[in-house]
């Protein structure tokens with residue numbers, strides 16, 4: 001497979017890592033090309049739970065998001081940038097979206113909880129993504145990124161599980177697939 005071209009990029013179009021079907025990084029391309037061409041890429045997200053694990057942070061994406069706008073999610077995350085690992089992406093995204101940052105003395109302690117390759121669809125186009133989920137136990141403050149998150153709240157695993165059982169509930173489908181086998185207790 002050839003490496004996607006990066007010439008003549010629109011400077012406003014974010015460049016993301018492109019992967020092959022088996023999960024190996026093979027190049028880079030503008031996000032718009034990845035989405036319009038159904039190219040494989042990778043995404044990483046963080047499931048934030050209270051320190052005791054009794055609550056999970058759930059949020060609603062802003063209506064202006066390019067993909068799954070207005071849908072609910074329990075992962076703060078995004079696409080993997082060229083040269084970035086999924087864990088680095090997860091750390092970057094939980095900082096950007098929820099204002100949760102580690103320090104040199106106390107880096108964020110993420111635990112990988114799931115990974116899948118999702119060959120889905122959005123707006124009648126293929127959407128192919130290698131998905132990585134990490135868990136973070138956290139009891140501190142949060143600050144939503146206004147362009148990404150409209151609102152958020154803490155739910156028990158039972159509350160979230162009940163909502164996920166309802167296929168009509170507008171929940172990000174790739175996160176739903178990624179966490180299908182996750183133990184919510």
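Cβ atoms here come from the backbone N, Cα and C positions, even for glycine.
For 39-177, the entry in Swiss-Prot reads domain 'Nudix hydrolase'. For 77-99, the entry in Swiss-Prot reads motif 'Nudix box'. For 93, 97, the entry in Swiss-Prot reads Mg(2+) binding site.
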Counts by DSSP class (helix H/G/I, strand E/B, coil) across the motif 'Nudix box' (77-99): 13 helix, 3 strand, 7 coil
Residues of the domain 'Nudix hydrolase' (39-177) by DSSP state, where helix covers H, G and I: 26 helix, 54 strand, 59 coil
Per-residue pLDDT averaged over the domain 'Nudix hydrolase' (39-177), given as an integer: 95
